[in-house]
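As recorded in TrEMBL, the features of this protein are as follows:
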type	residues	note
REGION	1-61	region 'Disordered'
DOMAIN	56-108	domain 'P-type ATPase N-terminal'
TRANSMEM	85-103	transmembrane segment
TRANSMEM	109-127	transmembrane segment
TRANSMEM	307-330	transmembrane segment
TRANSMEM	350-372	transmembrane segment
BINDING	Asp426, Thr428, Asp1010, Asp1014	Mg(2+) binding site
ACT_SITE	Asp426	active site, 4-aspartylphosphate intermediate
BINDING	Asp426, Lys427, Thr428, Glu696, Phe738, Lys762, Arg802, Thr882, Gly883, Asp884, Arg984, Lys990, Asn1013, Asp1014	ATP binding site
REGION	464-484	region 'Disordered'
REGION	615-644	region 'Disordered'
DOMAIN	1036-1271	domain 'P-type ATPase C-terminal'
TRANSMEM	1068-1088	transmembrane segment
TRANSMEM	1100-1120	transmembrane segment
TRANSMEM	1150-1173	transmembrane segment
TRANSMEM	1179-1200	transmembrane segment
TRANSMEM	1207-1227	transmembrane segment
TRANSMEM	1252-1280	transmembrane segment
Amino acid sequence: MAQDAEGGEDVPQVPKEEEKERKNRRRRKRKKESKTRTVRSNLLLPGPEAEKPQRSPLANNRLKTTKYTALSFLPKNLFEQFHRLANVYFVFIALLNFVPAVNAFQPELALAPVLFILAVTAIKDLWEDYSRYRSDNEINHMECLVYCRNEKKYMNRYWKEVEVGDFVQLRCNEIIPADILLLSSSDPDGLCHIETANLDGETNLKQRQIVRRFLELDSEFDPLKFTSVIECEKPNNDLSRFRGYIVHKSGKRDGLYKENLLLRGCTVRNTEEVTGIVIYAGHETKALLNNSGPRYKRSKLERQMNIDVLWCVLILIVMCLFSAIGHGLWVWQYGEKKPVFDVPGLDGNYLSPVLAAVYLFLTMIIVFQVLIPISLYVSIEIVKACQVFFIHQDKDLYDEETDSQLQCRALNITEDLGQMQYIFSDKTGTLTENKMVFRRCTVSGIEYSHDANARRLAMYQEADSEEEETAAKGGTLSQRNSVSSHQSIKVVHRSLSMKSHRRTGSRAEAKRASILSKHTAFSSPMEKDITPDPNLLDKVNECARSLEVMRSHEQPLSQLTPELSDIFDFFIALTICNTVVVTSPDQPRQKVVRFELKSPVKTIEDFIRRFTPSRLTSGSNSSSSSSLTTSKSMPRLGSSILSSTSTESTLLKLEEKLAHSPQMNNNGYSSQQERRAIGSRPEGGELRYEAESPDEAALVYAARAYNCALVGRLSDQVSVELPHLGRLTFELLHTLGFDSIRKRMSVVVRHPLTDEINVYTKGADSVIMDLLLPFDPRGNHQKKIQSKTQNYLNLYAVDGLRTLCIAKRVLSKEEYASWLKSHLEAESSIENREELLFQSALRIETNLHLLGATGIEDRLQDGVPETIANLRKAGLQIWILTGDKQETAINIAYACKLLDHDEEIITLNAESLVNRSLSDDLLLKPTAGNTTVGFCPLSPPSSSVHSSLGLVIDGKTLAYALDKTLEDKFLSLARRCRSVLCCRSTPLQKSMVVKLVRDKLKAMTLAIGDGANDVSMIQVADVGVGISGPEGMQAVMASDFAVPRFRHLEKLLLVHGHWCYSRLANMVLYFFYKNAMFVALLFWYQFYCGFSGSSMIDQWYLIFFNVLFSSLPQLVTGVLDKDIPAEVLIGVPHLYKSGQKMEEYQPHMFWMNMIDALYQSLVCFYIPFFTYYDSEVDLFSWGTPITTIALFTIILHLAIETKTWTLFHWSSCIFSILLFFIVALVYNVSCPICYPPSNPYWTMEKLMGEPVFYLICIISPVVALLPRYSIFPLCVYMLVARILWGGMRGKAKGCA
């Protein structure tokens, strides 16, 4: 057998290895399937593939945001409520009352308060869920066109019936029902324009492109013929990413990217008809995966309240232990001689003192249970919900221009608004309008100030000043007036659709209607009606005439002077170096008549024919350069997935073709002069520009002011209208989109006049200047231009303008072919595609020739300087964290009064951190002088803020300062400064700064921003505030609160924040006082009943006292009380400091209220005790007056604490007292033997007939509240006087 085993050892080896390999393949396949999704057409007939094992069913398109169903509501809601430990505690106490040995009340009655609280919470949850159900039902029953196999046409179907694999047809202005892969478009270039306002709030149009191979179809797309298989990533919430590939029947694969995907919630614009296949549906769509709903946080006050609840638990345990020990001693003193009232157990034996004490401990927990406020948590929820409601109703927080109001997305941190200490603000779009207006420029080293344009902008400012009745306040320099605090003229169109949307309560729909009524984003008259500089306009016209003459005489372009050449290229770059979409009022999209190739371009060999000048000689402009172009985010959709071998061999052919290609004529022009596209502007009106950013729109409008107008943009060409030259069409080869790392964007085009491959680049001066050609063949001319341009850039920054540099590069054929090889490989790559394209862009954006620079004005929002001044008076430290260059940020800081001209500004700049400390490397540069002094290590400052210091730090230095070894020193310096300005900071650095201050200083932080780059700091801060501006809704979706304008932050914090904090702080303390006072009454009685757990108060009053009789007044006060009027809070911002210091809810205040409750309980207990001493009244005839006195005392105590009286306050107090007497009278009459041996019959009726009852009900509350009448008002008066005196001193300093 051994031999058989040995001899047969080699025989089964192969099957074992094959089996192992098969298992590995299956494992790899399952692993791959777990990361990807396979989508097939639902129109395919069942075939062999149907026999494959079925995977888990995909999500349908039904939207369901509700949590409950009719059957699951009760168990699921109770399960959720029992996640709150307080509810578990009270249910445990109620169930403990069912144990006969320890029960203190009737078990059914003890359950009533708990059931009441659970029922109130359940009703609130049910109402919220019903509202979500109605919204879901409305969306699910929207209709769309879905292809039906049986009918062989598109049929109307509800959104909820759409499934993955269905083909959906959408028309212009229709909302996309699911995440759809774009397969067909009525646009000749396979483009679809969408508006993503519902998704991210951005109003500009974005381009999407159909999958490449479907772009080449000769006939109309037929869903029945679709047999391809789609492999894509699993559903995720990344809006900026989509990866996958589509496998055709031939076996070829095309890559899929985000530009192929239409996201649910977006709207089709400027495209007549598109068709696609559903990839993700329902809750698997990216929009719904990003919809996390309201955010829940724990406020600082709530954290302190939880500590005090634990103190209450400890007090409860001590009282119960004390009572248990007292009862045990009381039983022990009788010894064997049992008292007559001691009842034996069921077995006839008496309890031992120890066992009696244990039982009594549990009984006393039941009796004293109200020391833990059962209704506190639900009351806080109700009060916060009402506070949010009233904040939403504040008309001062509504912005008419944008038709938007404050949004509260985090429902339980309203009181934190009154405790902020640090505010971290973005600049662009937050402090400024984000309305970019072309202000001035420099070209070829010559500056054009555009004085007439400055006067035009000044007229807008004056108009705003008259409208708002405010005076313009600017800097000391005349140029600084352009960044003063004013809004543009408000052009608000009110359409019927807007009004109807507003009636339905859909804020998103109303906003979209408002946007549609204005037609185009970034296109107000202030932004687009630019007045050209006469000198520059003359030179532009001179250049155009020279080019026309040179072209007609076939003279070389080199005869054009360097200055005119730079001017020509400068305006060409402004016009085409962007992603602006051209539209017109009367057409879905502006069409440009073009020449078509005789056969479609399907291979790279076709591109080779297009690349050579011979193609241009034939006058054809291909419609398919998608394999070479990249979109805004660098990857242009539709790139074919080429193997490295085929790419390499094809490019070798390309190089050979280039080497033997016909040369240009020696005059510098192409041999064909009639290559321009034929067409004219539409008769329906001027063209409109749909820009992705206000910067792009500003530059395009500036170029149009000089008659250099963008008139058409297709996927592979851009048409420009020029004076004297007419229309020129540039072949668009590549678009290298802007990103926050490169800080620039570029377009690679074929110049129609020279056939040269030109790279036009625009970007931040900090990066463009480093990419310029190190030497210039024309001598020192370029160096002088660079030097002059840099000087002008510095001047623009001083005036608070946003600067951009414009540059170009002319590529030789060999350079372009070499770069194209690596770029095609990057485009064809599926893995690491973004990184490869990023490196490809870096390779081509070098050795640039500087053309000029622009200065764009972003004006301050209305009221920003006044808001910042008031917030600083309120004790808030304001830091600006911006990505702008240092000079620009500093001058905006001066304009918005963050920095004062009499302040000493410390500027921190550093180049490295290697082997250096902060004291050696960071340089301290006072702006008043030119000297640079060393930065010495800081000791903790004697005062928290130095009134005459401001700190400015750039991004590089900030990176070093945030190092673990230096962050304490940086923070120590920053604390000494009145203002801090961080420039050139990245989104990550912003969040790190906020986290550093929050964690190290234990300070309350608020971050406010309007863009996606502010999301990280908004989420890190204790309170995040988003501004719904032109940069989209990313910041709003990540925020706790959203405001339309920065100026609304003042009232939100100083008024509503102060009120919310003051109300909740006093309400929580009042809850603790009220419950402790009532429990103490029971505790004093234990000294007279042998600590037996008996009560002199009827159990009905015990159970319902806190839930019914005394709950309403405190809720009304918590919602409506105003300790100080809004006008005073705004006028005296110093009052806000009370919340910062937690003056209304400090730890010792809890104990002060406990002591006060102890004193009041002694008065309320012993005055009736001595009044009825040695009388013949029964127990309840003595306990009922105590209950009545306690109710009067508690309500009068609240009345003393209430600062503002309204009809609701009076009504709630009167209602509570009347309710108590009505319940007592009815209960005493109708229920004499409901709960034997208790006999409350006619108790209240008898008491109300005795004068002594009224006497003690008057005397006892007055004596109990005597400290509140005398000591506490005096303390409050002194506190308010001190605060007001501090505010007046602050005003006096400001006036001085």
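For all residues, glycine too, the Cβ spot is worked out from N, Cα and C.
Unlike curated records, TrEMBL annotations are generated automatically.
In this chain, the transmembrane segment (1207-1227) does not touch the transmembrane segment (307-330); fewer than three CB pairs sit within less than 8 A of each other, excluding pairs fewer than 6 residues apart. The DSSP breakdown of the domain 'P-type ATPase N-terminal' (56-108) into helical (H, G, I), extended (E, B) and coil residues amounts to 23 helix, 0 strand, 30 coil.
Residues 1070, 1073-1074, 1077-1078, 1081, 1095-1098, 1101, 1105, 1109-1110, 1113-1114, 1117, 1160-1161, 1163-1165, 1167-1169, 1172, 1213, 1216-1217, 1220, 1224, 1238-1240, 1243-1244, 1246-1247, 1253, 1256-1257, 1260-1261, 1264-1265, 1268-1269, 1272-1273 of the same chain lie 6 or more positions beyond the ends of the transmembrane segment (1179-1200) yet place their CB under 8 Å from a CB of it.
The listed stretches are 109-127, 350-372, 1068-1088, 1100-1120, 1150-1173; of these, 1100-1120 has the most Cβ pairs under 8 Å to the transmembrane segment (1207-1227). Counting residues 6+ beyond its ends, the transmembrane segment (1100-1120) has Cβ neighbours under 8 Å at 105, 109-110, 112-113, 116-117, 367, 370, 373-375, 379, 382-383, 386-387, 390, 1063-1064, 1066-1067, 1070-1071, 1074-1075, 1078, 1082, 1184, 1187, 1190-1191, 1194-1195, 1198, 1201-1202, 1204, 1206, 1208-1209, 1212-1213, 1215-1216, 1219-1220, 1223-1224, 1227, 1240 in the same chain. In this structure, the C-alpha atom of Phe738 (ATP binding site) lies 20 angstrom from that of Asp426 (Mg(2+) binding site). Rounded to a whole number, the distance between the Cα atoms of Gly883 (ATP binding site) and Asp1010 (Mg(2+) binding site) is 13 Å.
All protein chains included, Arg984 (ATP binding site) registers 21 other Cβ atoms within 10 Å of its own Cβ. Annotated pair Arg802 (ATP binding site) and Thr428 (Mg(2+) binding site), C-alpha to C-alpha distance, rounded: 10 Å. Recorded residues Arg984 (ATP binding site) and Asp426 (Mg(2+) binding site) have their alpha carbons 11 Å apart, per Cα-Cα distance. Comparing Cβ neighbour counts within 10 Å across the binding-site residues Thr428, Asn1013, the minimum falls on Asn1013. Long-range C-beta contacts of Asp426 (Mg(2+) binding site), restricted to its own chain and to partners at least six residues apart, with a cutoff below 8 Å, comprise Ile880, Leu881, Thr882, Lys990, Ile1008, Gly1009, Asp1010, Gly1011, Asn1013, Asp1014.
Summary for the binding-site residues Arg802, Gly883, Asp1014: the Cβ-based neighbour count within 10 Å is maximal at Asp1014. Gly883 (ATP binding site) and Thr428 (Mg(2+) binding site) have their C-alpha atoms 9 Å apart, to the nearest angstrom.
For the binding-site residues given as Phe738, Asp1010, the lowest number of other CB atoms within 10 Å of the residue's CB is seen at Phe738.
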